[in-house]
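Colleague: Have a look at this one.
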Amino acid sequence: MAPKSLKYLFNICSFLAITPCYEQKVTFLRKVYSVLLMIFITTCVGVSNSYRQFYGSSMYLRVVTSILMEMVLLLFCYHTTMAVVFFKREQWQQLMKNLKIIIKALSDDRAISRAASAAIFALTVTLASEIFSFCVWSEAFGMIVHIQQFNVYYLEFYMFLSCNIFLCFILSLLLSSYKQLRRALLQDLFLPLKNVEYSMRFLKKTVDIFNDIFEWPIALIIAFSVVHMVHEFDYIIIVISTKTYNVGKEMAADLLLVLLIFSGTTGLIVMCDLILMEAEKILDLCGDLRRDYVKNPLQKRRFDDINQLILENFPKFSGARFFGISRSTILRILETVTTFIIISIQFRTSMINQ
C-alpha cells in the first residue's frame, strides 16, 4: 500500500499534466486533457508575445535570451505533457511497475512518505515564490499589463519546476534501492550471486527507462537554467550600470526565481551523481570483500564475476544523449553563465565608452 503523500504528489503532477495518476493507466480523457492544455498554453504564448513591446528597446543579449527562454520552456512543456501519454506510454507503465517493486522492496513507508512530503513542500514553496514574483512585477507594471505580457509564463514556469522536483523524488527512490543493495552486501558478505545480479540488472533497466522518458526534459531543464541565469544576471548588470536602484523588490523577485531554478537543477544533478557514487561504493565493496575475506580461488572467481556484472550494469544518466550528467555538469553550467556575464560586461563597457 503506497503512502498517501506519494499519491498526493502524483495527483498534483497529474493535474499539471506532468504524469498520469499513481494507480491509473493513461486514459483517453488524460490524452484530451494534455492536448487541450498545450493548445491553451500555445495560444496564450502567442497572445502574450503580441503584447510585448520591450524587445525593440532591449539589448541584443536580452532579446536572444528572452526568445531562447520562451522556446525552451514551450518545448519542455510540449515534451513533458505529451511524452508519457502518447510517445512514451509503454515506457512510463514499465517505469511505474518497477517503482512499485522498489517501493515494496524498500518496505519503509515512513521514509517514502517523508520524501514525498518533502517534494510536496517544495512544490508549495515554489508556488508561493511564484505568487510573490507575480505580485511584485504586477505592482511594477500594472496588473493588466503584466497579465497581458506574461499570462501563461508562470504556469509554464511552475510546470518546469514541478517536473524538476518530481524527477528528484524518483531519483531518491532509485538511490534508496542502491543503498539497500549495499547494506545487504555488508550484512551478508556472501550474498547469493543471483540476488546481486537480479538487483543490478533490475536497477540498471529502471535507470535506462528513466533516461528514455526524461533525458530530453533533463537536457531542457539544464538549458533553461543556463539561459535564465544569463538573462537575469544581465538584468542585474543593467541595473548596476545605469544606477537604477529603485527596483529592489523586482531584483529580489528575480533572484528568488534564479535561486529556485539553480537549486532545483543542482539538486537533480546531485541526485544523479549520488546514484553513480552509490554504484561505485557497491563495486568498491565487492573489491574489498574479494581482497580481504576471500581465499578460495572459486570464491575469488565468483567475486570477479560480480564485479564484471556491476560494471556491465553500471548506471548512466544523460541529457538527451548530448552529455553525461555528473557533478562536473554543475561546474560547466557555472562556467557557461560566467562566460556570458563577462561577455555582457565587456560589451556594455564598450558601448558606454563609445
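Any Cβ shown, glycine's included, is placed from N, Cα and C.
Whatever TrEMBL says is automated annotation, not expert-curated.
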Colleague: Looking at 32-51, 212-231, which one does TrEMBL call transmembrane segment?
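Modeller: The range carrying the transmembrane segment annotation in TrEMBL is 32-51.
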Colleague: What same-chain residues lie close to the transmembrane segment (157-175): Cβ under 8 Å, and 6 or more beyond its ends?
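Modeller: For the transmembrane segment (157-175), the list is 9, 12-13, 16-19, 73, 76-77, 80-81, 99, 102-103, 106, 112, 115-116, 119, 122-123, 126-127, 130, 203, 206-207, 210, 214, 217-218, 221, 224, 257, 260-261, 264-265, 267-268, 271-272, 274-275, 278, 315.
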Colleague: With CB pairs under 8 Å as the measure, which of the listed stretches 32-51, 63-87, 251-276 comes out on top against the transmembrane segment (120-145)?
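Modeller: Most contacts with the transmembrane segment (120-145): 251-276.
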Colleague: State the non-local partners of the transmembrane segment (32-51) in its own chain: residues 6+ outside its ends, Cβ under 8 Å from one of its Cβ atoms.
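Modeller: Same-chain residues near the transmembrane segment (32-51) but 6 or more away: 17, 70, 74, 77-78, 81-82, 85-86, 145, 148-153, 155-156.
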Colleague: Checking distant contacts: for the transmembrane segment (63-87), what same-chain residues at least six beyond its ends satisfy Cβ-Cβ under 8 A?
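Modeller: Same-chain contacts beyond the ends: 17-20, 26, 30-31, 34-35, 37-38, 41-42, 45, 49, 55, 153, 156-157, 159-160, 163, 213, 216-217, 220-221, 223-224, 227-228, 230-231, 234.
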